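Written below as structure tokens is the structure these notes are about.
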């Protein structure tokens, strides 16, 4: 056994490391002293933008997914391509159809006026997703802050982290599991498709040359009217909404639709056929409160994936560029 004084020193060092780790963690009310109105300002801007451009609320939720799934919740998603060799993650095929990035800087500028160089773009992504989800009908959740912004882009590996709509359910579950989100949480997060839309480019493979047999035939006729060509122009805004009845409400219609074989993407329909996910689909279809609870739980886990803290990152002045 080690001498008492050696064990004491080891214990003290361990406590110091624990205290340091605790200080660097993200936490609730991180800006309570440095920028007390930060969350209030972000919510105000999200609300204002929603009333002008309703689809921004959907964009904020998608931003969180695309940012946090790729290595870290660090706002690397927002970086633009530069002449210094940085390539934007927004150039990845996985980012196809994403929009409203310019309004992130609208929120950032409002926060900068209150507290310059204090609130990170990564926290703005997280909080705007939380507040955007509320605008769409999800419950409010307390969210930790204190993330720092990345100084690099991960454009080269985006496709390794962001699931593709044609991937197998086992692969998708594995990718989410790697950041701590279980099958129940995956089913809940995919419920965000309730307020989304799918570009024809991503669904025509289920319509042409033959209709996918797992797709409701009558619904396939409707989709062919929305997407009349098997080779749609990717620059054209041709799309179909996942939920035609309540397209801008984050409710459980998505689950009711896929149970009726009216999912747009292959991954949507796999939720019904895979035994690891189908029980949750049925439960969420019948209980919106359960869906909202699980969505909130999974969104929190997603928002806390490997955040940069302390000296690991920076506070960008402009979310589009490294300082």
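Glycine too: its Cβ is placed from the backbone N, Cα and C atoms.
Record features, source TrEMBL:
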type	residues	note
SIGNAL	1-21	signal peptide
DOMAIN	25-323	domain 'Plant heme peroxidase family profile'
SITE	62	site 'Transition state stabilizer'
ACT_SITE	66	active site, proton acceptor
BINDING	163	substrate binding site
BINDING	193	heme b binding site
BINDING	243, 246, 251	Ca(2+) 2 binding site
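There are 16 other Cβ atoms within 10 Å of the Cβ belonging to residue 246 (Ca(2+) 2 binding site). Listed in sequence order, 193, 194, 195, 249, 251, 253, 254, 257 are the same-chain residues six or more apart from residue 243 (Ca(2+) 2 binding site) with CB atoms under 8 A from its CB.
A distance of 24 Å separates the Cα atom of residue 66 (active site, proton acceptor) from that of residue 246 (Ca(2+) 2 binding site). Each of 194, 195, 245, 247, 248, 249, 250, 252, 253, 254 belongs to the same chain as 243, 246, 251, is absent from that list, and has a C-beta within 8 angstroms of the C-beta centroid marking the Ca(2+) 2 site. Within the same chain, residues at least six positions away from residue 62 (site 'Transition state stabilizer') with a Cβ under 8 Å of its Cβ are 98, 192, 196. When pLDDT values are averaged over the domain 'Plant heme peroxidase family profile' (25-323), the model yields 96.
Look at the Cβ of each of the recorded positions 66, 193 and count the other Cβ atoms within 10 Å; the largest number goes with 193. For the pair residue 246 (Ca(2+) 2 binding site) and the residue listed as 'substrate binding site', the Cα-Cα distance reads 26 Å.
In sequence order, 171, 172, 175, 176, 267 are the residues near the residue listed as 'substrate binding site', counting only same-chain partners six or more apart with C-beta under 8 A.
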